[in-house]
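Okay, structure first, notes after.
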């Protein structure tokens, strides 16, 4: 009798994706982050669902409802901090996952990569709208500053901003619609992640060497299921350590003050995972230029596959490209630090130099270095 998991219409989809999937025998722990992102998404959807049962999306009661969740709901504090810090873990995994893709040339799978870029945009939009919901000072002013950037779009800008606000400022209508979008987007993300996997399984996984692994495949289960479980346990360990020991470590103290349109906080800044993009935005003195640079800082990922000039796929055997990759990582960390600093000397000039270096590395220096490496190997 044929095994049910191979014949049942639903089971065979699961089987071909997670059980009998032929996987390269040499993929390292850097390939764990896809499954970790799936776990993060599930955690966020579940905790978010329970938070939504007690949250009210009204400007008068939003802040109080979050306080009520933390004080009066059974384990409400746990659910709330799991959700807030779960977002941070989500972005850590996301950045590492993208970094892996850049290092090992996984971006050569065009459809998978482009859906990944789309997923990054969707997750960033969801996180931004979620940050507005507690209706603290940083929620309100963050929403005001970021939505206001759209007014830089020529001709339609100011109308567009008022349309998004649903009025003449960030108010009840804005909060209500942000809650609605924040609720629906994770399900769209889950669907996109399914398509992401679908395209990945068309080609099979890449591997650290960047060479074809068709001749050397092993079944996903039990080898990589057990490896993924280890990753998940480590993720939960870090997440629970954050939630139970220092839940506010990555948050902003200003968000414990209810939103007040008449009082601007001294330093308006987004959550830590947006700081690199915020630094790039601030480093250009022109409003429209800043908005374009902000969009391009993420969109530049979509161009990466077309700038691949090396004859080798992975950076595993390319020491010069490796150096540049780690310079790019250091540059992004510098931008993240600058994004959290006030707009004054010397932070402004450091931010501008780091922003220029970011675009130069990806668009110019790395492709030229790859050609140089080809030359060294007389290819």
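Cβ atoms are placed via backbone N, Cα and C, with glycine included.
According to Swiss-Prot, the transmembrane segment annotation covers 33-53 (among others).
The transmembrane segment annotation in Swiss-Prot covers 77-98 (among others), and the record cites similarity to another entry as its basis.
Note on residue 83 (heme b b562 binding site): other Cβ atoms within 10 Å of its Cβ, all shown chains, come to 21. The heme b b562 binding site annotation in Swiss-Prot covers 83, 182.
Per Swiss-Prot, heme b b566 binding site is recorded for 97, 196, and the stated evidence type is similarity to another entry. Around residue 196 (heme b b566 binding site), a 10 Å sphere centred on its CB holds 21 further CB atoms from the protein chains shown. In the three-state DSSP reading, residue 196 (heme b b566 binding site) counts as helix.
Sequence annotations record features per position, and here Swiss-Prot assigns transmembrane segment to 113-133 (among others) based on similarity to another entry.
Among the features that Swiss-Prot reports, transmembrane segment is placed at 178-198 (among others).
Non-local neighbourhood of residue 201 (ubiquinone binding site): 16, 17, 21, each in the same chain, at least six residues away, with C-beta under 8 Å from its C-beta. What Swiss-Prot records for 201 is ubiquinone binding site, and it gives similarity to another entry as the kind of evidence.
Summarising the annotation, Swiss-Prot assigns transmembrane segment to 226-246 (among others).
Residues or ranges marked as transmembrane segment in Swiss-Prot: 288-308 (among others). Residues 98, 102, 105, 107-108, 110, 113-114, 117, 120-121, 124, 149-150, 152-154, 276-278, 280-282, 355, 358-359, 362-363, 366-367, 370 of the same chain sit 6 or more residues outside the transmembrane segment (288-308) yet have a Cβ under 8 Å from a Cβ within it.
What Swiss-Prot lists as transmembrane segment is 320-340 (among others), and the listing cites similarity to another entry. When Cβ-Cβ distances below 8 Å are used as the criterion, the transmembrane segment (320-340) is approached by residues 99, 102-103, 269-270, 272, 274-280, 282, 310, 347, 350-351, 354-355, 357-358, 361-362, 365-366, 369-370, 372-373 of the same chain, each at least six residues removed from its ends.
Among the features that Swiss-Prot reports, transmembrane segment is placed at 347-367 (among others). Away from its own ends, the transmembrane segment (347-367) comes close to residues 279-280, 282-284, 293, 296-297, 300, 303-304, 307-309, 321, 324-325, 327-328, 331-332, 334-335, 338-339, 341 of its chain (Cβ-Cβ under 8 Å, at least six residues beyond either end).
Against the transmembrane segment (113-133), stretch 178-198 shows more Cβ pairs under 8 Å than any other of 33-53, 77-98, 178-198.
Sequence-distant neighbours of residue 97 (heme b b566 binding site) (same chain, 6+ residues apart, CB-CB distance under 8 A): 33, 34, 37.
Between the CA atoms of residue 196 (heme b b566 binding site) and residue 182 (heme b b562 binding site) there is a gap of 21 Å. Proximity of distant same-chain residues to the transmembrane segment (77-98), defined by a Cβ-Cβ separation under 8 Å and at least 6 residues beyond the stretch ends, is recorded for 30, 33-34, 36-37, 40-41, 43-44, 47-48, 50-51, 66, 69-71, 116, 120, 123, 127, 130, 235, 238-239, 242-243, 247, 250-251, 271-273, 301.
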